[in-house]
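Worksheet: one structure, shown below.
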Amino acid sequence: MGNKIDLIKIRRDLHRIPELGFREFKTQQYLLGVIQNLSTERVEIKTWRTGIIVKIHGHNPTKTIGYRADIDGLPIIEETGLDFLSEHPTEMHACGHDFHMTIALGVLANIIESPLKDDVVFIFQPAEEGPGGAEPMLQSQELKEWMPDMILALHVAPEYPVGTIAIKTGLLFANTSELFIDLKGKGGHAAYPHLTNDMVVAACSLVSQLQSVVSRNIDPLDSAVVTIGKITGGTVQNVIAENARLEGTMRTLSSEAMEKVKNRVQSLVKGIEIGYDCECTIDFGSGYYQVYNNEPLTREFMDFVEQETEATIFECKEAMTGEDFGYMLRDIPGFMFWLGVDSPYGLHHSKLDPKEDAIQLAVNALTAYLMTKGN
Ligand SMILES: CC(=O)N[C@@H](CCC[C@H](N)C(=O)O)C(=O)O
């Protein structure tokens, strides 16, 4: 199926304007511009905060198929050296959401051109990287009125070659929880440590102790991750720090393991308070529900891709990535899959450079799948 829109131009335009969760104002305007330029026959558009929901009415609907694309970027300074580098100096589409949006637009344009028997709802969802747009979007009146009967989404996979799709039934992505810990002690002159409670030392000790949670408290046959991605503290080289802050994320394959990890983090933080005579506060930020693929729909999709598309499909293992699409899959049967985009740099890397050939391949495969599933 030929494209009514220039997918490479769209991807590059979107790549230039990455915005953080719930601040995707330019992105929303850009997406609306593209969508409104397509035929308006059978098409209804709603906005929800910085997100968009588009319904394409089928000619004799018996169900509604949902397709979700996330639209936010990350607070990362881009270092790809591309001609279409981010115009926002501290933000980057380093998780491939520019691809996700472009592919959704490509499929949407095809379905508008050849409407199905069934209704299709395209969900352009804000804030996947945080604080999470899927759960509040699901609760919104706007989406409730157009609730799909099944739903699907993809995520780019830099580690897989272009032309491949990877998926598995059941658990695909982990449960997640953010982690923010503030430490407050007594600062002072660098030469008088005995008169202070140094929060740089306390924070370093806490980071080391947190490494024991996964290695000593989680069943070795289960999996978990505790990552501290950012430490801040202190003011200047010759002042002992009164404050420090750790920012991180925790991942588990079950909600029980998540409870255990959180309890251990709380206990270790209490130990730091006693050991370093300081005050600490823990904020678990936002947490995402696991991504769990519906078995029959996933198997049907796998068979379809293998038999009817140019893509190669294979079964992958679960990953410790998080995705708030998990909330949609908790309420609506469906699945998520990895799309191979072949980049030497991985997700959340400042040099992530997915291969654009993957866009057309995904648009073709998804259009063909929807044409079959919705007719
Ligand atoms: C696909 C992906 O990379 N998703 C993010 C989701 C982050 C959720 C939250 N901000 C957290 O850090 O826990 C990921 O980092 O896996």
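Each residue, glycine too, has its Cβ placed from N, Cα and C.
What TrEMBL says about a protein is an automatic prediction, not a curated fact.
The active site annotation in TrEMBL covers Asp70. Secondary structure at Asp70 (active site), taken from DSSP and collapsed to helix, strand or coil, is strand. Asp70 (active site): 27 other CB atoms within 10 A of its CB, across all protein chains.
The annotation active site, proton acceptor is assigned in TrEMBL to Glu129. Within its own chain, Glu129 (active site, proton acceptor) has Leu20, Gly21, Asp72, Gly73, Leu74, Cys95 as residues 6 or more apart in sequence whose C-beta sits under 8 angstroms from its own.
Other C-beta atoms found within 10 angstroms of the C-beta of His97 (Mn(2+) binding site) number 27, with every protein chain shown included. As annotated by TrEMBL, Mn(2+) binding site applies to Cys95, His97, Glu129, His155, His348.
Taking the domain 'Peptidase M20 dimerisation' (181-270) as a whole, pLDDT averages 97 in the prediction. Sequence annotations record features per position, and here TrEMBL assigns domain 'Peptidase M20 dimerisation' to 181-270.
Neighbour counts of Cβ atoms within 10 Å were taken for the binding-site residues His155, His348; the minimum is at His348.
The separation of Asp70 (active site) from His348 (Mn(2+) binding site), Cα to Cα, is 15 Å. Summary of the Mn(2+) site environment: with the site residues Cys95, His97, Glu129, His155, His348 set aside, the chain residues having Cβ atoms within 8 Å of the Cβ mean position are Asp70, Asp72, Leu74, His93, Ala94, Gly96, Glu128, Leu347.
In this structure, the recorded positions that sit close to ligand 1, with a C-beta under 6 angstroms from any of its atoms, are Cys95, chosen from Asp70, Cys95, His97. With helix defined as DSSP H, G or I and strand as E or B, the domain 'Peptidase M20 dimerisation' (181-270) counts 38 helix, 30 strand, 22 coil.
According to DSSP, His97 (Mn(2+) binding site) sits within a helical segment.
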